Structures are given as C-alpha cells and as structure tokens.
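Peer 1: Please find one structure pasted underneath; my questions will follow.
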Amino acid sequence: MCGGCVQQEYPDRGSTCLETGSYLLNYVSCVQCNKRDFVLIVNKTAAEEDGEEIITYDHMCKNCHHVIAKHEYTFSVVDDYQEYTMLCMLCGRAEDSVSVLPDDPRQMAPLF
C-alpha cells in the first residue's frame, strides 16, 4: 500500500461503505509513474467465514500496475441488524448498521 498516492490515509467516510469502486477524490496520482489516470480493481476475492461476507481487492494504477491500496469490505447480520464495514487507505474507513425490521428501534422516539 502506498501513502504517497493518496491525499489522506484512511479518511473517515462515516457510514459510506463501498463494496466495489474507488474514492477518486482522495487519489492524488500514482507515486511511481506520476500519472493520474483510472484506478483498476484487481485480485478481487469474496469469502464467507462464520456468516460474515468478506470482499477484498487491490486498487492498481492503470499505467504502471503499482498497487495503490488494499480494500476490505465486510457484511454480516448481527441480531436484527445488517452490519457493514470498510477499510482502505484510498477509500477510507467506515461502519454502518441497518435494521432488518421495518421500523428501526434505535430511531423510534420515546413515548414518555
């Protein structure tokens, strides 16, 4: 992974978890060839361990094939919530939790 290719390493993305794609606003240019071109997604794998889906891939420079960052995305269901996480030097770090119920109990206002 290369900190010289990005503006900020592991930026906080709040609840934005990317299963695929690249956060190009954080991409400066390839430190190896000094070009700012498309970022390829290579070596993509999907695995499931103990009910957790894990997707990993590499962000790679289109021109010189320099590996910019390694991306990891996870998805799991815990109790009544879908849990998402993302960790990537280019795309950032993020977590999200979404209720599988029609009305999220955490969003309901107290009656009293």
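For all residues, glycine too, the Cβ spot is worked out from N, Cα and C.
Here Swiss-Prot flags Cys2, Cys5, Cys30, His66 as Zn(2+) 1 binding site. Residues or ranges marked as Zn(2+) 2 binding site by Swiss-Prot: Cys30, Cys33, Cys61, Cys64. Here Swiss-Prot flags His59, His71, Cys88, Cys91 as Zn(2+) 3 binding site.
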Peer 1: Have a look around Cys88 (Zn(2+) 3 binding site) and count the other CB atoms within 10 A of its CB, chains all included.
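Peer 2: There are 28 of them.
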Peer 1: Return the count of C-beta atoms lying within 10 angstroms of the C-beta of His59 (Zn(2+) 3 binding site), excluding that atom itself.
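Peer 2: Neighbour count, Cβ to Cβ under the 10 Å cut-off: 27.
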Peer 1: Which residues, same chain and not among Cys2, Cys5, Cys30, His66, have a CB within 8 angstroms of the centroid of the CB atoms at the recorded Zn(2+) 1 site?
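Peer 2: Close Cβ neighbours, site residues excluded: Gly4, Ser29, Val31, Gln32, Cys33, Cys61, Val67, Ile68.
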Peer 1: Taking only C-alpha atoms and a 10 A limit, tell me which of Cys2, Cys30, Cys91 are near Cys64 (Zn(2+) 2 binding site). These are the binding-site residues.
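Peer 2: Taking Cys2, Cys30, Cys91 one by one, the ones whose Cα falls within 10 Å of Cys64 (Zn(2+) 2 binding site) are Cys30.
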Peer 1: Want to know which binding-site residues, from Cys5, Cys30, Cys33, Cys61, His66, are within 10 Å of Cys91 (Zn(2+) 3 binding site) at Cα; which are they?
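Peer 2: Of Cys5, Cys30, Cys33, Cys61, His66, within range: none.
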Peer 1: Look at the binding-site residues His66, His71 and tell me which residue has the greatest number of other C-beta atoms within 10 angstroms of its C-beta.
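Peer 2: Of the binding-site residues His66, His71, the highest Cβ count within 10 Å belongs to His71.
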Peer 1: Note down the number of other Cβ atoms within 10 Å of the Cβ of Cys2 (Zn(2+) 1 binding site), including every protein chain shown.
Peer 2: 17
Peer 1: Using all protein chains shown, find which of the binding-site residues Cys33, Cys61, Cys64 scores highest when you count other CB atoms within 10 A of its CB.
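Peer 2: That would be Cys61, with the highest Cβ count within 10 Å.
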Peer 1: In whole Å, note down how far the CA of Cys30 (Zn(2+) 1 binding site) lies from the CA of Cys61 (Zn(2+) 2 binding site).
Peer 2: 7
